[in-house]
Amino acid sequence: MKEYQGHYSVLKQESIHWLEPNESGLWVDGTLGEAGHAVAALSAYPNIRLVGLDADKDMLQRAQHNLSPYAGRYQLKNQFFDDYFHDSLTKENPSIAILLDLGISMFHYKCAQRGFSYDDENSLDMRLNPDAPDSISAQQLLATASESELSQLFWLYAEERHSRKIAKMIVEQRKHHTITSAKMLSDQIKAIIPTPKGHYLHPAAKVFQALRIAVNKELERLERVLPASFDNLKVGGKLGVITFHSLEDRIVKHYFKTLANPCQCPSSQLICTCQGAIAKILTPKGILATDEETKVNPASRSARLRVIQKLSTAHSTAGDSA
């Protein structure tokens, strides 16, 4: 196992500030990781209780250790966040604050040995929960998808401009041998995709992003969790989402704008009968990491925090399509 110094929680202080609760109650950390945000929330707000979710059971063990000073104030669940908020029991226990950090923990890149890192010579898996029913690994996906399917996947999920070239290479390579490790895949991509001088992004970065999104169904889960988590908020409660790339951010931005629309009536309805906007966007342009944070943690340069506050319990038409 590689040397690992721990995960740096992105936009931690900003998240705690913007999600400040206006009453005691339940705070849900939908992507617990090593509990950096959760520890900060429990420390800053003594009157809250916390539910921490993570799809990876290994992460829950690490979080348990970091949360030990707050015994009795938190509960941990091995669940994807969208599954949690669609649970009937969850709906009976509304929240005052919900945080969804959509980034991958540094633990997965450094220690998980599941193919998240470019130089990982272990299994090319990339699943946060390898035991999830009906899930397939990145290796299985690369071995079974057609050239056109791979090309489309790399473009839709990562906007990789060399998507066709990379897909063709993968299909040609698998005629001779199975791509079994992240290092094998990244080396093959690096061999055919030039890296411009001064360009910090690894040639395989977007392909790895696309595969991770696909095998974990990240965008589908995000679209599913947004209306469910917002519905779970008490009036006055806040939902914060930290995104790391344009695909995620567009989904969150669009959904928040829909909630804050002055009229929530169906477009086919000629006369407005609703109560107006059911939410207020607290961070119109999103909150970015400071220069100080990006120096300490370069991964935070792509992070953006968006926060919305619930104003009423009126039905949201946004939830019907998400």
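Cβ atoms here come from the backbone N, Cα and C positions, even for glycine.
Note: TrEMBL annotation is automatic and uncurated.
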Binding-site annotation, TrEMBL, S-adenosyl-L-methionine: partner of Ala35, Gly36, His37, Asp54, Asp101, His108 in Phe81, Phe154: Phe81
Which same-chain residues, if any, lie at least 6 apart from His37 (S-adenosyl-L-methionine binding site) yet have Cβ under 8 Å of it: Ser9, Lys12, Ser15, Ile16, Asp29, Leu99, Asp101
Secondary structure at His37 (S-adenosyl-L-methionine binding site), reduced by DSSP to three states: helix
